Amino acid sequence: MTCSNLKHHVKEKMAASRQARRLYTCLSRFSCALFVFASLAVGKESFSRQVSMHYNPGCNITECQSSPSNDNDTHNNLVHILARGSRDSIHYVWSTIGAPTVLMVHTTSKESELKVDWEKLLTTNGDNSGAITFEPSNEVDFSMAVMFNKIWEYEDLHDKSELPEDDTEMFEPYDLSQMRWGDFNLTMNTTGLTGNFTGATTQSDMESLFQNGSISFRIHAFKTDDRSADLPHLQYTSNQTQFDFTIDSVEPRGNMSRYAMELMLLTEDKHLDLKKMKSIDDEYTPGVFELFELTMTHSDQTDSYVQWKPVCYTKSTRSMAVATPTKTYKLKDLDTTSIPADTIARAYFTNLDRLQRKALNVSFGLTGDGSYVASNFTSWTASVGYGEPPSERLSLLIIIVISTGLGIPVVIIMFGGLFICCRQKDGDKGKKEIMDEYPTVNGGETDAIN
Amino acid sequence: MAEPDEKSPLVKRRNSSEDEEELTGCGASAACDPRRALHRFLVLWLICFLSFGSYFCYDNPAALQSQIKKDMHVNTGTFMTLYSWYSWPNVILCFFGGFLLDRVFGIRLGTIIFSLFVLAGQCVFALGAQLNLFWLMEAGRFIFGIGGESLAVAQNTYAVTWFRGKELNMVFGLQLSFSRVGSTVNMNVMSPVYKWISGYVGEGYITLGYALWVGAGTCVLSLLCGLLLGYYDKRAARILKRDAGKTGEVIRITDVKDFPATFWLITVICVAYYVAVFPFIGLGLVFFEEKFDLNPTSANAVNSLVYIISAGASPVLGFLVDKTGKNVFWVILAILVTLACHMMLAFTFWNPYIAMSIMGVSYSLLACALWPIVAFIIPENQLGTAYGFMQSIQNLGLAVISIVAGSIVDQKGYLLLEVFFLAWLCLALIAGVVLYLVDAVRGGALNMSTWERDAQEEAEEKAKAAEQDERVRFKPRSAFALRNRFYSRIGAKLPDHFDIHTSSFFRRGVTQ
C-alpha cells in the first residue's frame, strides 16, 4: 500500500464517525501548532556574531615567539577570541601565562580592542597589573575571570569517591602555575576556532609522573548556535567558548587514585551563585539528568555563566559506556593571596580586593568505576559564556512520540468503551427478542425415543 | 439400583460412579487420592520443584561471575556468551519443545526428557569448568538451554492438566514465585559454596567445577520430581479417566495458524508487556543512580524490587484472580498500572521505590492472569505447542528489545527509553482492549467471573452429556420399544398408545 493510499484509507476510516473526524482535525491542529512552536524555538536565536581567533596578538618580543630551540621552556600562550556583534563585542582571552585562565570582557562598543603590554606581562619578577586593557575603556561594562589553579589527587581506598576535606589526606596537588605548556599555535585552527593548551608539570619529584602523560585544555569557540557534536552535547552559542579538560596517561600515585580540579572565579560587584538544575530529559546526554550553572547576576539579569554537566569520560572516544559522574563541591570564599601570581587575571583586574572571589572543586569519578587507575584517562567539558545560559528543553522528537504514543491508546479506549456501551444496549434488546420468539427447543426427547 | 421396569434400557449405560477403581491402602487416603484437593497440592509441590533446578542453574554464571572470569581467564564480553548460548537458541527451541510435547513425547515422557537435558547440560557445564575448557562450558549452556525453556512449557502444561478450573491462576503465580526463589537461593548460595570448596581444593577452575556440580545436584532433584510427576499423572489419568474425553486428535505444526485471534492478542500482550519490564530492569541501575541520586547499593535494591515483590505477591494475586475470575479485566488493569509506574519514573522525580513496588505487584498480577487464559482458548492437546510458541515469541522479543533498548539509552538517553517502553505498554493496552472487545463479541468467555464460569461449565457438561446421548448410534432400547419394533416387523397391531406420528412429534419436542 502506498503512502497516499494508506492516508486515504486512514481518512476514510476516520470519516466513518463525525466525532472521529473532529478529533482528527483537533489532533492535526495540535501537531501543526507543535511544528510552529518548534520552528519558532529554533528560529528565535538567528542572531550570531563574527568570531575570530588570534594567537599572541601584537607581540614582537622574543618571549612570545614560538621557537623549537627552547622546547623545554614553557610557551607563553595567549589566545584572543573576539566575538563581534552588531552593537557589542565579547572578548575571551585564554592564556597559560601564570596559570590557565580565561578572561571574559563584554563591551558595549562593537569596535573595542584588546591591548596587551607584552613587556609588562612577561616580566616575571614584578607586578604585571595593568598589562591587559581594553579600549575604549569606558565601553567595558562587564568582566570576569575563571582560573584553573590546582589538580588534587587523592587515594580513594574505600571507594567512596568523596574529596577529603583536609589537604593533608591528599597527595601533593599539581600546581597549574608550575607547568610547562606546549605551543598553542601548533594546534590552533582559526576556521574551526579550536586549539589545545597541553602541559606537563615541572614540580620536583613529580615530573616523572608525566613521562607519557599530560594535562590539557582544548578550547572551542563557535560562530553559530547549536549543540556540540561530542558528548555531553552541551548547547553552544556564539556568546561562549567551551573547553575540554583532560588528564591523559598521568601516572597515578595511589592504587585508587582519583582527581579533582579547583576552579577560581573573579568578577566585579556581582552576585555569584551555583545552581544545580534537574531535568527529566537526558536525551542529549544519556544518563545525565543534571546541569550545573555558576551564574554571575546583577540586578536580576544574568551577565555570564559557567555551565557543565556532571559527567566525565574515561576514553577519548566518548560514549555512554565510558561515562562516569563528576561531583561538584560547595563554593568557597577565596583569599587574594591564593590567586596565582602571574595570571592574566592579575594583569587585567587592578584591585583584587574589590572583586567577588570564589573557589570551587569538581571531582571526577564515582564509586564502582574503578577510579582513574582503571583507564588512565579523564576528560570533562564545560562552557564559559556571556548572557543567559542556554536552557534545556524537550526536543520535538520526544514531544511527538509522547503525544502520539499516549494519544492513540486514549482514543482507542474511548472508542472501545463507546462500542461496548452501544453493543451492550443492542445485545440486551436482541437477547430479549430471541427469548420471546423461541421457546426452549430440547425437552424430554429421550423419553420419546425410548 | 431400582428394579428395571418396562421403560428402562435393557443394556446398562456406563455409569461413572459405578466402575471407578477401588483405591486401597495409602491410595485411599486424602493425600494420595487424585480426586481430593490435598493430593493436588502435594502434586503442586512436585510441579514447583520440577523447574527449581533449571532456575537455580540458569543464574549460576551470574552468581559466580567474578570467579568464572578469574578462573577461566575470560573478559565480561566472553562471559556473557554463557547467557547468549542459552537464550538465542531458545527463540525457536521452546516452540519445538512444546510441539514435541504435544505430538511425540506426551507430557510425562517429555518432561523427563527435558529434565534429562537440563541435567546433562549442567553436567557438561561443570565438566567444562573442571577441565578448564570454556567452549565446553558454552556447549553445556546450549544443552541446558534446550531443556530449560521447554521444561518451563511442560511445567505450564502440567499445571493446566491438574488445576484447570480450580486454582490455576494461583498455581501460575506460585510457579512464578518459585522461579524467583530458585534464582535467589542460587545467588546467595553459590558464592559461599565456592568459598567453602576452595578451602579444601584451593581456588581455581577445579573448585569452580566442583561448585557447579552442586548445581547439577539440584537438577537431579528436579529430574526426580519429573519422574514422580509422571507416575502420579499416569495414575491420576487412570483413576479420573482423563483420557475418556479425549478425541485422539494429534496436533500438526500447521495448526498454529488456526489458533484463534484471542491467542494472538494474548501473545502480543505477553511480548509487549514483558519487554517493557525486563529490559528496563536490565538497564535500570544507572537510571536510578543518576536520576534519583541513589547510591549503588540502594539503586540495586530498587532495581531488584520487582523480582522480590513478584516472588511474594504472585501466589496471593493468583488466588485473588481464582476467586474473582475476570482475567481480561485484571490483565488490562495490570497494564494500566504498569503504564502509570513507567510514567512516574519517566516524568517525575518521585521516589522510585513507589513506582517499582507498584510495578512489582502489577507484574505479578499480569503473570497470574495472562498465562492461564491460554488454557481457556486452546484445546488441551495443543496446549504445549501454544505455550511453547508464546514463550518463543517472548524470548525473541526480549532478546531483540534488550539490544534495541541498550542502543536507545546510548544514543538518546533514558527519557526516550522510557517513552519507548510506554509505547510498548500502550501496544499491550491496545491488545488488551481489543482482546476484551473480541471476547465480548463472542460472549465474554474469557472475562467471566468465577461463578459465571462455574455455572457455564455445569451447563456445558449437561449439554455435552446430552449430545453424547445423541451421538450413540445404537441406543439401548427398552423392552417396550423392542417389542413394538418386533410387532411392526411381523405386521402385528401396535399398542394404541404407541403412535408413530405422535412419537415423531415427541421427538422434536413440539408438543411439550
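Numbering starts at 1 and runs along the chain as displayed.
Placement of Cβ uses the backbone N, Cα and C atoms for every residue, glycine included.
The domain 'Major facilitator superfamily (MFS) profile' annotation in TrEMBL covers B:40-442.
Per TrEMBL, the feature transmembrane segment maps to B:37-58 (among others). For the transmembrane segment (B:37-58), the residues of the chain that approach it from at least six positions outside its boundaries are 30-31, 86, 111, 115, 118-119, 122, 125, 144, 147-148, 151-152, 154-155, 158-159, 162-163, 166-167, 171, 174-175, 178-179, 181-183, 185-186, 215-216, 218-223, 225-226, 228-229, 232, 236, judged by C-beta separation under 8 angstroms.
Sequence-distant contacts of the transmembrane segment (B:79-100) (same chain, six or more residues past either end, CB-CB distance under 8 Å): 58, 61, 65, 68-69, 110, 114, 137-139, 141-142, 144-146, 148-150, 152-154, 157, 251, 253, 384-389, 391-392, 395-396, 398-399. The annotation transmembrane segment is assigned in TrEMBL to B:79-100 (among others).
As annotated by TrEMBL, transmembrane segment applies to B:112-135 (among others).
Residues annotated as transmembrane segment in TrEMBL: B:210-232 (among others). Below 8 angstroms of C-beta separation, residues 34, 43, 46-47, 49-54, 56-57, 60, 64, 67, 108-109, 111-112, 114-116, 118-119, 122-123, 125-126, 129-130, 151, 158, 186, 190, 193-194, 197, 201 of the same chain, each at least six residues beyond the ends of the transmembrane segment (B:210-232), sit close to that stretch.
The transmembrane segment annotation in TrEMBL covers B:262-288 (among others). With a threshold of 8 Å between CB atoms, the same-chain residues lying at least 6 positions outside the transmembrane segment (B:262-288) that come near it are 294, 296, 298-300, 302-304, 306-307, 331, 334-335, 338, 342, 345, 352, 359, 363, 366, 370, 373-374, 377-378, 386, 389-390, 393-394, 396-398, 401-402, 405-406, 409, 414, 417, 421-422, 424-425, 427-428, 431-432, 434-435, 438-439, 446.
What TrEMBL records for B:300-321 (among others) is transmembrane segment.
Residues annotated as transmembrane segment in TrEMBL: B:328-347 (among others).
Sequence-distant contacts of the transmembrane segment (B:353-377), counting only residues of its own chain at least 6 positions beyond either end whose CB sits under 8 Å from a CB of the stretch, comprise 156, 160, 164, 168-170, 172-173, 176, 260, 262-263, 266, 269-270, 273, 277, 302-303, 305-310, 313-314, 317-318, 321, 327-328, 330-331, 333-335, 337-338, 340-342, 344-345, 383, 386-387, 390, 445-446. Marked as transmembrane segment by TrEMBL: B:353-377 (among others).
Here TrEMBL flags B:389-409 (among others) as transmembrane segment.
The transmembrane segment annotation in TrEMBL covers B:415-438 (among others).
Same-chain residues lying 6+ beyond the ends of the transmembrane segment (B:415-438) with a Cβ under 8 Å from its Cβ atoms: 261-262, 265-266, 268-269, 272-273, 275-276, 279-280, 283, 328-329, 331-332, 335-336, 338-339, 342-343, 345-346, 401, 404-405, 408-409, 446-447.
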